[in-house]
Amino acid sequence: MRDAEQVWFNGGGSQVEAMERAGAAVAREAARFAIGRGILMLAGPGNNGGDAYVAARLLSEAGHDVAVAALGGKTEGTAAEMRMRWHGETVSLEEAVPRPIVIDGLFGTGVARELTKDVKTYLHHIVNNAQFSLAIDLPSGLETDSGDDLGAATMDVTVAVGSLKPAHMLGAGLVRCGHVLLADIGIPVSGPIWSLGRPQLSAPAVDAHKYSRGMVLVVEGDMPGASRLCARAALHGGAGYVMLAGTGSAEAGPDALVHRRVEDAGALRNALEDERIGAVVIGPGLGRSDAAHAKLDAVLESPHRAVIDGDALTLLGFETADRLSRRDALSVLTPHAGEFGRMFEGGEGGKIARTRAAAARSGATIVHKGPDTVIADGDGAIVANSGSSWLSTAGTGDVLAGLVGARIAAGGSAGQAVWLHGRAAQLAGPAFAADDLIAHIAPAMKECL
Ligand SMILES: NC(=O)C1=CN([C@@H]2O[C@H](COP(=O)(O)OP(=O)(O)OC[C@H]3O[C@@H](n4cnc5c(N)ncnc54)[C@H](O)[C@@H]3O)[C@@H](O)[C@H]2O)[C@@H](O)CC1
Ligand SMILES: Nc1ncnc2c1ncn2[C@@H]1O[C@H](COP(=O)(O)OP(=O)(O)O)[C@@H](O)[C@H]1O
Ligand SMILES: [K+]
């Protein structure tokens, strides 16, 4: 957004015009929610405050009852001009009395440090005593690029100005922003970071057969249940053929699953010689024994697309980047935060920056899981919010790994799998077990055809 604004200014766009548009978008949304109730506008010293003064003026001109509470200190730049154009009541933040509607324009993307105790106390008191709260661009006190909480209050609605910022989808932002509305202010934005949308998928071609649909080999481990969850998810993720390679019971269905007896890494290497394999999944329930390590080596040395999950990630540890950058075929890693930390030390910045850096170092696609899943490869990053916290139950990661395997075996992407997984969780509703999630993958896929 910063870059886009700069390009727009260089092309003759003015700061005043941008702020008028931002303020107008905020006023439009606020008017819909206020329905006649009194409004308290909080205005900070920078451009976020500038937007607030514009919105206050427009709402007041439209007949709303508006008071402004300004943060002490000097108002800067264009915001100072907008402050002068506001002729209504202005009090200091300390003097402000809560009103039914509060609009938070203290700080946006320029927040640079933890809110002071006083500002935080007043802000939270006012927001907690309002009937409805709306943030301009970001809840004040949310770090833009990471979503870290520097003292923000929890808002009902946030009007993102011009584009979504990472904090609208990451970390504490998931809670603090409330419902996010995106306001177009006519400044074209492009860049390497996206939010995940519903994918467009197609039914198998008329002349498709089971191998052309994508064959997935799932490596079984010490916990066969996890591998089976993964394999069943792959079947429903659109794979034409799913083979479970291990020694677990072939009686444990579904019957469509092909069991191949694979005792050790040597036998796995033989199985991997099948050129029809579209993707291999290793990690769910694998265990961390020497035998598991040897199987992982066999998969990494194979020419197949590979999904690496769970224990396989922990086995790789800090060698991940080195080992994966030597592979020619696509590798997709699906770590949760703990596994990510065991593979990639520290790193600068928020979740997006750290995941992108790890993808660049390893040459892999990385699905960094959580409520704010970040999918990164060498080209950029996609952020996904599934909207279902019920996913936080054991085994759902195994289901995701199988789905990723099915999608990439079919020539699709990890992003498709993440979307299907999140949507299946929404369709499954509350308190599902990972097994139940699988039945909702096909209905989720139906929405993409
Ligand atoms: N650049 C532009 O032309 C546009 C910017 N827009 C708005 O401008 C915002 C960004 O404006 P700015 O870059 O001026 O930044 P902000 O207004 O978000 O905040 C910066 C100001 O807050 C102070 N500050 C930062 N952290 C503080 C803290 N913890 N305690 C006390 N003071 C603190 C800074 O010293 C500075 O005065 C966006 O979020 C958006 O709302 C919109 O008007 C659209 C156009
Ligand atoms: N609070 C949450 N909200 C939304 N999704 C979540 C949440 N917690 C976990 N998830 C998702 O659930 C899955 C859990 O995977 P993982 O941690 O590997 O579990 P397991 O290894 O038990 O299968 C991931 O897809 C993750 O993104
Ligand atoms: K704000």
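Heads up, the Cβ atoms here are built off N, Cα and C, so glycines get one too.
Just so you know, TrEMBL annotations never went through curation; they're auto-generated.
These numbers come from a predicted model, not from an experiment.
The (6S)-NADPHX binding site feature in TrEMBL is assigned to Ala226, Gly285, His336, Asp398. DSSP assigns Gly285 ((6S)-NADPHX binding site) to coil, not to a helix or a strand.
Listed in sequence order, Gly147, Met169, Leu170, Gly171, Leu174, Lys351, Val383, Ala384, Asn385 are the same-chain residues at least 6 apart in sequence whose CB falls under 8 Å from the CB of Asp372 (AMP binding site). For the recorded site, Asp372 (AMP binding site), the DSSP three-state label reads coil. The AMP binding site feature in TrEMBL is assigned to Lys369, Gly370, Pro371, Asp372, Thr373, Gly397.
Annotation source TrEMBL lists domain 'YjeF N-terminal' at 1-193.
According to TrEMBL, the feature domain 'YjeF C-terminal' maps to 193-448. Over the domain 'YjeF C-terminal' (193-448) the predicted model carries a mean pLDDT of 95.
Apart from Lys369, Gly370, Pro371, Asp372, Thr373, Gly397, the AMP site neighbourhood in this chain, defined by C-beta within 8 angstroms of the site C-beta centre, holds His336, Ala337, His368, Ala384, Ser386, Leu391.
The separation of Lys369 (AMP binding site) from Gly285 ((6S)-NADPHX binding site), Cα to Cα, is 18 Å. Checking the binding-site residues (Lys369, Gly370, Pro371, Thr373, Gly397) against Ala226 ((6S)-NADPHX binding site) with a 10 Å Cα-Cα cut-off leaves Gly397. The two recorded residues Lys369 (AMP binding site) and Asp398 ((6S)-NADPHX binding site) have their Cα atoms spaced 12 Å from each other. For ligand 2, the nearby binding-site residues are Asp398; that is, of Ala226, Gly285, Asp372, Asp398, these have a C-beta under 6 Å from one of its atoms. The CA atom of Gly370 (AMP binding site) is located 6 Å away from the CA atom of His336 ((6S)-NADPHX binding site).
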